[in-house]
Amino acid sequence: MNLYLLLLVIATSSWQFVAGLECPVECTCDKKGLVVDCSSSGLTRIPKNISRNVRSLVIRNNRIHKLKRSDLEGFNQLETLVLTHNKIKIIEENVLDHLPELKRLSLAHNELVYIPPLCSDSRPLASLNLKRNHIQFIDEQVLRYFPDLTQLDFSHNRIQSLRTKLFDNLPALSHAHLHSNPWHCDCRASKVKALLQKVKWEKKVYCTNPVELRHQALDEVDDSALTCARPAEESWTGEEIKLTCAKNSSSKLVVWMYENVEVDSSSLDGYEIHDTVITVPRKTNVNFMTCTYDFDHIPHHRRLRQSQHQGNGSPQFTYKPRDNSFREGSEVKVNCEVMGNPKPTINWYHNGKRFISSRKRQLGLSNNVLRIYPFLEEDSGRYTCEAVNSVGKVRHAFSLDLISSVPPNIYEGPQSVSQNLGGSVVFVCKANGNPVPDYTWSFDGSTIGHIKGRFMVSDDGTELRISNIEKKDEGYYSCMAGNPVGAMSADAKLTVIGGETRKAAAPQIDEELLRAIAQKARQNVENAVEKTRKQLTQDKVTNTNDLKRLFRFSTPKQAVELSKAREIYEESVRLVREHVEKGLILNVDELHPKNVSYESVLHVTHVQALMGLSGCHTGQYKNPCTDTCFHHRYRSFDGQCNNKNKPMTGVSLMPLRRLLKPVYENGFNTPVGWEKGRLYNGYPLPNVREVSRQLVATENITPHSKLSSMVMQWGQFVDHDLTHTVTALSRHSYATGAFCNRTCENLDPCFNIPLSPNDPRVKSGSAKYPCIEFERSAAVCGSGETSLVFNRVTYREQMNALTSFLDASNVYGSNEVQAQELRDTYNNNGMLRFDITSEAGKEYLPFEKDSNMDCRRNFSEENPIRCFLAGDLRANEQLALAATHTIFIREHNRIAKKLKSMNGNWDGEIIYHETRKIVGAMMQHITYKHWMPIIFGGQAQMNKFVGTYQGYDPDVDASVTNAFATAAFRFGHTIINPSLFRLGNDFMPIKEGHIALHKAFFTPELVLTQGGVDPLLRGLFASPLKHPMPTQLLNMELIEKLFMKGHEVSLDLAVMNIQRSRDHGLPSYTEYRKFCNLPVPVQWEDMKGYIKDDMIIQKLRGLYGVPQNIDLWVGGIVEEKLENGLFGPTFACIIGEQFRKIRDGDRFWYEKDGVFTPEQLREIKKITLARLFCDNGDNIDRIQKDVFMYPGMDKENYGTCQETEMMNLRAWSKCCDNVCPTMLDRILRSRHRGSRLHGCNQNGIWRPEGAKWIPQNEICTECVCQGSRVWCSTKEDCSDNRSPF
């Protein structure tokens, strides 16, 4: 036995050794050697030691220059060959003779000029891709031996004409892409036109020559216009006739035609050709003889037209764009061409508003070409191309509309059947939709491949056939039809007659009930949202509370739709419970996702169906990060492409990260405290209003002896750069439609806080309604990095609308559209937009003009103004915050002007991105070097919790955590003063005096009418911070007067914080102490080590019963603070973890090698907030060097601005002349291919955009997810060089 085992080990090792030799070191291979990928390996030839059994060979992105027959010898089973993105210039004739089974060939993105015959006998080739080469000539025999060819791509080459017999004998051809070639539309083009009328194509084929047909679509040209020339001269010599063809100076080889076929392929015999002359037998019928030619040089049509223009003249259009429609997410290219002398300048307008070149809307060829990607709803509308010179001006308007896509609708679904053992059955599933849906079949939640044993799915996916039925085949079969805008599922049950009886199934929920439930859920949510929207139209916004609700509709539309989809999904699940006898009741100690299961009620196929019906398959657009130059240098606005390995890390509109798994009452979505009277660890959770009143509220405050109020304000500014949790859009219950604050029932999205009879608001009679209104945070379907079609019900997650990086997104915005709204588009100077300036000539934030947001608190006020517009929607929340935002728009514009003066060759795009990069570095430096050591109580304690910077780590997830955003970083509420100080130049109160906090909310007019930003800034750096004492936590302005308006129930910030943490499913304070490796209290006596005040412990005990019930935010703010710090160890742990990951996981961190030059970094490290105030205040001349430290009230304690160090921008002089091609106004502009976050569903497996794979049991096929569709051929549907095709 031992000898046998030894021989077995030796044999196995030997096999592994031999197998290893069959996979070259430059390649990756599957275990059987059937799939070999040698991409991006620097190869100059095809490796010799590849297994000859290989079925799929990918050698993309290498340096191969020539393809020889000998390179492919022996690959008798090869079905897919991908050689894209090489340097191939030559391929040998009949190169495919050694590949008898080849079905897919891609030679796209090479340097081929001539294509010779590819094989000498018949081959089963189905797909041929020659896209993006330099092809001018294609031999007539190239396609002769491919009767099975279905897909052909000759696009983006230099083809002027094709041989007339090239397309003969191609009975299976269904797709041909011939666009983006300089076609000569002569008699030869009639065969191309005929082909286009038979097959499907991607884009229209346009004529380049002759001039009279230029820019006309070939399929629209009349056949009579597709002609070749009659011979110019005829002469007879004996038995011969000489014919001469006229030829112009730009033409090259003349082509002679006989009966509209090239003479060398025609029935004509005995001819001789000498340049422009052909000699034919005298008996030839010369009436059938014509000639044509191709051109040596094809001048770009724009330059050609301009060369025809003589003398001075006003602009004239030579090509006008036409009205057109495009699908959502597609790339749009529009040409607008003019001539005139002097050369006209072209300007572009969208819905009457001028725009300049940007990442979203790129202008090329001196603004002649407009490219938009991705084309979304906000891009549709009326566009105007305007051409201006000193002689005159012309304008042309046209419309670009969005083609509405239609989600799938299954009109013929599978039917439940019974069948005997050994029999067979066919399930049918057919759906309408636009684009055409793809189909995925599953059995009891497990995906069925196209060919899987006894299971077979038809080629179009509409039929599932099961043969030789066994008892184990009994169960539910589900069909999912999906396209980029939605999905729909239908299922049926197979009952097998005979054999052992299967376990009784759970109560049934059929497809009809699911569809009705989803429709009712959508109606409930949509009605509730619409009611709220109507109530908050501009003429009904009468107070700041309404204003905050209206802000919800100003968040990006994408965020609105993502959160709405999840709400519909959850409402659907709630309605399902109403139809099921068995509810879901779990013990408190079972509140953990892995224990949950709505599957006890909902089958996995039903979960998938509800996800599709609710819209939970959609997601945010995903950037493939192919513009390596730009993404190496600059951040994207939404955070994508920061982490090259995980490009969606830290991106806006993504779920908050979890430190601990959430705790929901039902394990799915309902917060703890949702079910009234429920006990937790033997005690009911306290009413959060009572926690606020008894424990958190304080009428007395103690000023901090060392720190200024700027500590608080910078903290809020940083928070608004990192976190913004989107709230529910509706104030109405989805289930009943009741107004949220009219009832204290917990009905989504309402999670209101009842007021007790002894509440001061009730006793005083000021409470108009019985509870404080609270709407839950909007939920998000999923992250998109894995599957959005979950195999089980997933717990509720909340969305961060901002990027998680410290990147000045509160200045510039967290998406492309928002960023463009903030830019000055009328001048190409890289500056931010402003509308008015102060008396000192310095900019104020621009006014919000294009939405219903309005900051008028009292409509009877004189000169009411609209909201200020900034990168964060909350810029108007209070006056000091608006002043801080103002400083940063001024700083951006100050730097932009200096960079422009030093670098006259820079355009606005370069100036903007370089300035944005500098301002982002300023925020990072001030936060980490000046502010954070203060809040942690010193550099040593900061290093303990945050650590020192060791360089960028791509494995770090910088995403903001739910605990940080919802609880820990809200420690800042304990250091807010009840008033905003406003100090004049003499450091005395201005004549209007200080302002109570509740009067400072959403009042931007006071910035303009009461002294500008200077009094507010002095009030921050020259007033003391509120000391966060455990017995003095939140001042009464925040407890009783938050967003107060006379007759309404004002909010309570402590209540909001505690209720929000429950809404988000945050575990208790003790669980986070355990996470942080801190002592965990079991009894109340255990807490005396870190809560020194016995009275506080007694209050906690009276409210919570046991330490295990304490809410995280409450426990965190009453903890004993770190020495000289502003919070205790639990919050220090959570905040430290977050700021460490924000820094270490940021590829653009300002201290990372290569982000800035050493000289630039030295200058950035000189930056202080004091210097920013000096440079950008209206008249700030005295200030302390460290604005976070409070020197006292005496003006003499403040130094002069001359004493603060300045940053020298000379380090940026000519630093960036070598800019990325995508930032230049040239024809060389990358096409920023993106996609939708939801990716592709293939065989039930969800794959992210850009993923590539070999389907199981289909070795000959190689697939890529592109544009939310699965492409399983060598046809290239985009130029993204990550594609395997």
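For all residues, glycine too, the Cβ spot is worked out from N, Cα and C.
Per Swiss-Prot, the features are:
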ACT_SITE  H720  active site, proton acceptor
COILED    508-550  coiled coil
DOMAIN    21-53  domain 'LRRNT'
DOMAIN    315-401  domain 'Ig-like C2-type 1'
REPEAT    97-120  repeat 'LRR 4'
REPEAT    122-143  repeat 'LRR 5'
What mean pLDDT score does the domain 'LRRNT' (21-53) have in the model?
83
Look up H720 (active site, proton acceptor) in the DSSP assignment and report helix, strand or coil.
helix
Lying 6 or more residues past either end of the repeat 'LRR 4' (97-120) yet within Cβ distance under 8 Å of it, the residues of that chain are 67, 69, 72-91, 126-139, 141-142, 144-145, 148, 153, 1260-1262, 1273-1276, 1279, 1281, 1285
Grouping DSSP H, G, I as helix and E, B as strand, the residues of the domain 'Ig-like C2-type 1' (315-401) number 3 helix, 52 strand, 32 coil
In the repeat 'LRR 5' (122-143), how many residues does DSSP assign to helix, to strand and to coil?
0 helix, 5 strand, 17 coil
